[in-house]
């Protein structure tokens, strides 16, 4: 039998010929050691030119395509292609990995760049978005990610002179990026008129914001900031591929083959044309340059590297060359010399010297070459071509001998016969031709047996036979030279083959995988001397196998390096080397062969040498000598812990089910019970599938886990305390080195690890997000800072955490299942894992871990491992009972320690302790030389104080720990034992063994219970304080149920095989047994009273009734259709109630078993002795909403008939108030069991509840706390699933705020119902002349056209306006935002927001300053109150999450209120917008709440832009979340029927719902605001006006009607703890909407806001020194003095919008606004305030001053219009001739006429000279749609009207005649121009107005500019007129969507714009161009 192991010899990469020049740029550099670093295929190469040596970096597993050099020039970063590509940062000196960066990019990594300090690395992906990612590469952490561009990015670079700025360039773009927080924000480079918009290929940054870039056309573009400053024309003839900056200047290289050097100011120094030099050739193209001192490195497209010395620049040295593009297939080795010949699709044939590592000859052919062969004498070289011809050359001078073309298809293989007389040529024409060498290659034979192309051939040693392989996988033999096929295989028996390069045949069966039929192996070659075979395949692997390898799936060693397919592999003539060639990477690799005798010495060579080998993993298939797998381990490796339903899925399932059950939910539901239970004791320890999970704590208590509970057991008092933070099975436990914290990992879809304190039982940190299915092992580092965890997922992910911060430091997957992980106690960057058939040694590299298998002869499964007394010593326990002793990665020796697997080991000060399956504990010395002592775990040595009995001697030991003079032992049978060093053993805790526990019965009058389980035992437990197991009996079969007789003397037990026994309850000896049924006995019950009858229910649908005294069966209950699940007797012992698996309920009469039908109403009246059934009207409410996925398995009614306890499949124990009528009753819920709860029972006096778990095998004892004990224990119970569906209160403002959906400006649509074709899409009508074909002379004698616009009131010289600057904003967003007004600088300034602007208002000067970086509406604002961060503000905006973080994504800006400097931008996933932000006590953390459907809460470290934690918070809207003022970890969120108390633990957010049940009839209301008091008090304001007071999370008091309406806002003053509340109420004598309270919210003082409103609604409060700042729903901000209660209004605004009307005064800087809120307001610009307001009682639509400014006309929404006199504000006249809104109203310039345009498609004229009765004198008819804007002509005789159909019409005044003659219209001079339509303004319409419009416009008084407003909220400034489409303009942001109106003030000093959505008025100062 051939040896099945891998060969002992191995390969070492010695040289790589080639350089990757194609499709890559900037990938060639000098390192600090003057070596050259570059890459080829999947290998990083460091080449020392002086010593002509190469080192290799082999950490990638696919093609490398990008490279960056660290500024210190030692470290290199390389990026690769692949589905999950990663970046490696490695040391060019040691070629070892320093860091791995992964999990961000897909497809590949196109560019890399380090910043100036070398701290950050930026990478660009090849995905469709060309994602850009910035890394903190040492920690492997992502700092920011952003989509780069829609098209390819070619280069990226950090600006080396400005921190956190980057530049990227690529196809038709260049972008300038700034990094702030976690946001990368781009600005596109503006090409302008200076250069063409074109593809930029490379760039370099210089100082003063100058960037140089190389373009596709060969120009160099020079940028200043984002603008193109100048171009250097024709720097290169065509594309500039590479640019390299160094101390002396810049070097560029281009496609024209030139390298140019430039000085630091980009003045040319010199040019080197490589095409003209000796080595040059036509078509040479430079891809990479590197200039260092006087040397320049140049890499070319054709895989050459040149080195140029500057002073001798005409003689470049060619230091590396390889094949160019095209596949490389041909390889031959010289028969006698160390030479290799290769030929490629680049048509060149090259000869390489294997000793000198150099190219010694090269010759170009006519055709692509596909194969090569050298004749036996080494004289001829034959080359097969792609076109079917072959050529023979003389090797010595490369001259042609013959050229023959006999075939059409490519020649794929040719070989000379060993005697040198014939050449066999195999082609893709399916045939092999034989040519005679001496006859000048005459064709002498032909082999035509194949039906497919020929792939491989071999000659026999005597040259008489040829074997071939073809593409269809057939192997054929031919006689030579005739070519006749050999069909008789007998004659081939003795044939010996001269070479073996075939992939088919018995000798090489082993190269194929066991079960695959894929032909992915391209080449093999046998080394007969050393009996090894080398293979090359499509996956880039070179493998070594033994030769011959007869069985499929042989063991191998594998070597990476080639990235894609390897086309050929050959041994050199003397078997010293293997040469392999890559197809796509066209590189030639030369591997040194290290035979077995040498392999031993290699271990001591430099680390570089072994690195190559570290990739040669062993293959997997079993070896012949693998020992029998241990049954326990076998079982364990197959456990997957998959769940049908994970607890994480419940909230979603609930939501789905709730939809279905909406109807039932409306009914009144049963209240939860008053009493509760508390976990008291658990019998059980999880030993059957977990190991090393039992430890002593600091205080000498014992910590372990069972089910979903972490248990801390006090052995002195025999009590337990519990950590209840998990919600599913805990699988592993590790203890901190200080023994005070414990880490536990659980099962789950996204399983979590909790680190908790064993004293307080509080979680310190929760780690999530990396392990699927579950966490199977954990280990703390020696310093306690790090934690390693291993997952159960397919990849067996290993993660290293900084657990306090909750940060993942590094991760990596592993192929095999892992049983143990340990962190090196001396070097926390190293760790080991032990598991199935492996021992792996890992070290951390940035965000990744690099693992290497330990080298041992045969691979064994390791069960446990520990580190020894030095960093390189490791000891591991195997599944065969050996201890392996390792040094570094090498196995030194093994010691036999146990019979069967070693499951647990522990390091001591001076030695080790081990435990195994053989039940023996062994103590060893510190070298495992000798065993000092052994302890056998036996019943005989059990000490008297034990809490139970050992089930068997020598149980399998699963956990061992030492401390306090004892050895702690955990066994597979669920026992915890303490072994005294002197020998006695005490049993502390025990539970059932593996197997489900179903049977449970409590004793009728003693505190005892009995359990029976599938582990085939029946046990009696003492429930009184001794908590021990009193008796145990082994059964023949597992049992399912048990029951005590009413006198407690007998115990009936039902077994799984259909039999049952009755035993003595004390001794457990048999009294009687029966076996009448085949199926499982599912329930068994004695009749009450004397216990005369015994009812036995079985799985085969029958209930048998036995007479206990006579031991006879007296009756059978038939008629059930399904297996029986529950049984109950009535009090009289006459009636049985039965439940079945099909949810049927039946009644039978005892003792005969006759079936009865009893109506539901009667069932309730029957007095039942017990109630354990789960069906029937009296328990209808116990079934949960999601009963489709979960069953209620068990129930039990307390003996006082008040409380029903249930257990279900999800592991919940619930208490209900009995009877439970109506669906979905409320309950109290407890989580401790992990999977299904199989049974629950109350004890005889209801003092305890006993429950058993199926899968978790535990027996849990709960203490019952009746109603009187009302002080809630934390973590006690969770209230019911469904919140009560009562509405939680109603208020119009709250409803509006809850239901509003914020639109994004970028997606906004038209606000007017427009129809028709947009102006810029309309076809222009030809003029009259054009129609008649009249051609006017170019110079017309006609009069020049008059001015478009009368320009009367501007000074003599007209100056155009070049810019607008925001000067003033009138408005505050109070109607749907809250808590958004704050004091700054001790009350000198206030800050608030409106639209997308943050406003800081100085109260003394009333000057405003603005923060304008937000791209959309601001929704929330908060200030940082920590003194370290003065004036730091956070604002959150609207946004939606498209697929990537784009500009529309919602974001939070943190900025300095005084300097307006952005400190950080946090792009987030709160789709919809951010509705609340809050800083933590230290000011370092920021909490945000989203409007997304899941209402997420997120915590950020805002300075770093890092997201720390995020969690779905509630199914409905959350309004506010705030940190407690003294905490960085606790916060409270409030919302619709929601209040939650949160804790940040590490990276996880844990929360508790507020518990209301402590106050009678308290119900959950909608909560609107929150404030805090000392001692963990929290106050929440509700919709009803009450304030709730909470202690921890329990409601303790209600302050009834703190306000009469909703309490919208609360503010906690930090300095004195006083609390301000603001609400909605009518002002009255005693109350007001603003109140100031003491710290406990007991006393208050009310303030009245003198606003004159009927109802005051306060939305924001803030308290300064003696002042309170109030923001109201009516957009006012008021300052109230605390002492005198005086109100001072600081800010006014319109309270409802839109603001439609805007009128500027003809001569003063004041203007009027009219809005939907029914007010007209007069604003003064110089005074910066509102002068007056008039309430008209109806929404107003438009307003206009008369030419003299003495009258004002106002148009209303109801069709009425009013004329006021300005001086007295008296009404001069009013009229209502229309029934629909007036859209525009205008006085004629001569003040005679008033034009009124309305939605009824009409313009009415009124003559004002006729007096105030305002009779209509005329109107304009046939207007196609509603009127938008109107303008009079300067002479008052015409009016132009723009309409909703995108048409502009002109009418005569006052006749109303429609004027159609265009030439006539062109001559009119207009008094004003506010129309958005007309040829003169076609240029104001932009391309992207398909859904939105330009809404308003106004031409300046000078007639030179026009400003417009649009639906996107932009103000734009154009030149007037602008008849060209898409005219140039400047744009100004700030408004929300929809501008409604815009006007110039007199003298063009200001522009006023009015907002629709934002109800704000913006005043912009005009900046005129200087003269």
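A Cβ is built for glycine as well, from the same backbone N, Cα and C atoms used for every other residue.
Unlike curated records, TrEMBL annotations are generated automatically.
What TrEMBL records for this protein:
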type: DOMAIN; residues: 53-307; note: domain 'EML-like first beta-propeller'
type: REPEAT; residues: 250-265; note: repeat 'WD'
type: DOMAIN; residues: 328-592; note: domain 'EML-like second beta-propeller'
type: REPEAT; residues: 330-354; note: repeat 'WD'
type: REPEAT; residues: 404-435; note: repeat 'WD'
type: REGION; residues: 606-634; note: region 'Disordered'
type: COMPBIAS; residues: 615-634; note: compositional bias 'Acidic residues'
type: DOMAIN; residues: 719-978; note: domain 'EML-like first beta-propeller'
type: REPEAT; residues: 895-925; note: repeat 'WD'
type: DOMAIN; residues: 997-1263; note: domain 'EML-like second beta-propeller'
type: REPEAT; residues: 1230-1262; note: repeat 'WD'
type: REGION; residues: 1272-1293; note: region 'Disordered'
type: COMPBIAS; residues: 1277-1290; note: compositional bias 'Acidic residues'
type: DOMAIN; residues: 1408-1679; note: domain 'EML-like first beta-propeller'
type: DOMAIN; residues: 1699-1966; note: domain 'EML-like second beta-propeller'
type: REPEAT; residues: 1705-1733; note: repeat 'WD'
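Same-chain neighbours of the repeat 'WD' (330-354): 17, 302, 323-324, 360-378, 381, 383-384, 386, 393, 395, 398, 567-574, 576-577, 579, 581, 586, 588, 590, counting only residues six or more beyond its ends whose CB sits under 8 Å from a CB of the stretch. Among the recorded stretches 53-307, 719-978, 997-1263, 1699-1966, the one sharing the largest number of Cβ pairs closer than 8 Å with the domain 'EML-like first beta-propeller' (1408-1679) is 53-307. As a quick check, the domain 'EML-like first beta-propeller' (53-307) and the domain 'EML-like second beta-propeller' (997-1263) miss the bar of 3 or more Cβ pairs under 8 A, pairs 6 or more apart, so the two do not touch. If you look at the repeat 'WD' (1230-1262), the same-chain residues 6 or more away from its ends with a CB under 8 A from one of its CBs are 643, 677-684, 686, 688, 706-709, 722, 724, 727-730, 747, 974, 991-1007, 1009, 1011, 1013, 1015, 1021, 1023, 1027, 1191, 1193-1200, 1203, 1205-1214, 1277-1278. Secondary structure of the repeat 'WD' (895-925) per DSSP, as helix, strand and coil residue counts: 0 helix, 18 strand, 13 coil. Using DSSP to sort the residues of the repeat 'WD' (1230-1262) gives these counts of helix, strand and coil: 0 helix, 18 strand, 15 coil.
Counted with DSSP, the repeat 'WD' (404-435) comes out as 0 helix, 18 strand, 14 coil. Model confidence over the domain 'EML-like second beta-propeller' (1699-1966) stands at 89, taken as the mean pLDDT rounded to a whole number.
In terms of DSSP secondary structure, the repeat 'WD' (250-265) contains 0 helix, 10 strand, 6 coil.
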